[in-house]
Amino acid sequence: MTDNTQGDATDANGGNPPEGKAILQALAAVGAGVGNNYCFKQLALLPASEVAVLRSALLLVLLAPGVFLSGRRQRVSLLELPIVARSLAEATATIFLLVSLAGLSVATVATFLMTIPLLATVAGAGFFEEKLGWRGGAFVALGFFGAALALGPIFESEPYYLAAAAFSAAMYTLRDVITRVWAQRGSPSHLAVGANLATLLVAAGLATTQAWHPLTIGQSGLLVIGVGLFLASNLLIIASTRNGRIAIIATTRYSAILWALAVDWIGYGLVPPTHTLIGAAIIVVAGFGLALHK
């Protein structure tokens, strides 16, 4: 990770940075993220607030050593406004994601999450003056069309869970934008701790209104595996966003829809309808087209 004061990774000549490392980090984050979603969908019988509390508490325990060590070098407070804002955005996104997984397939949720790179690309052009052009705009529009086609008739069947998934995607986009603006504030572990502390506090408040359900051994195992995948995905997302331009890194997430379709088929025997396959293909084409355009 380079240390600069511009809030943007640049090479020694002031040009755009090499994206290879950041792209690999983002691709690894995609795989871990899909696995995480599968694990937590398996826990859908439990209240989302309870799952969020347990996951966040375990993550905080795992992150504590890294935060302690980095905190001795970086005097960054978790109460700084940008870190608080980022933490609240991710906490909100996480809780609504868990809610949506309870009622939607992994592929449907992934389709909504695929709008994050589209929205992030627009944000990169609008707020960071990253060049998009008419071709880039066309690829973004094509991606949104693919997402709408992939979802198809489901818009009429699960409005509550669909709204939760859409709001989660919006909050994750806001998180990425805040991370991009304040790229040099705090280590990845600091940002992850802030996000999970906020999630823990918000979810704990929500959990007081619901009965607490004891976990089985199998559910405990899924929780631990999901936490490991979530931690890996979260830290890799932060690192990739810092090391590369947001419009480039965001496009690598499009591959998640393919993995999600495979998970639904292997894990639940769900065969995607034709419109979903076509929409997914359009999303992938749009994502890679946008990357090549950049």
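Quick reminder: no glycine exception, Cβ is built from N, Cα and C everywhere.
Per TrEMBL, these features apply:
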| type | residues | note |
| --- | --- | --- |
| TRANSMEM | 52-71 | transmembrane segment |
| TRANSMEM | 91-120 | transmembrane segment |
| TRANSMEM | 132-154 | transmembrane segment |
| TRANSMEM | 190-211 | transmembrane segment |
| TRANSMEM | 217-239 | transmembrane segment |
| TRANSMEM | 246-268 | transmembrane segment |
| TRANSMEM | 274-292 | transmembrane segment |
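Here the transmembrane segment (274-292) has Cβ contacts under 8 Å with residues 107, 111, 114, 117, 121, 136, 139-140, 142-143, 145-152, 247-248, 251-255, 257-258, 261 of the same chain, all six or more residues outside its ends. Here the transmembrane segment (190-211) does not lie next to the transmembrane segment (246-268) in space: the count of CB pairs under 8 Å, restricted to residues six or more apart, is fewer than 3. If you look at the transmembrane segment (132-154), the same-chain residues 6 or more away from its ends with a CB under 8 A from one of its CBs are 104, 107-108, 111-112, 114-115, 117-118, 121-122, 124-125, 162, 247, 254, 257, 273, 275-276, 278-283, 285-287, 289-290, 293-294.
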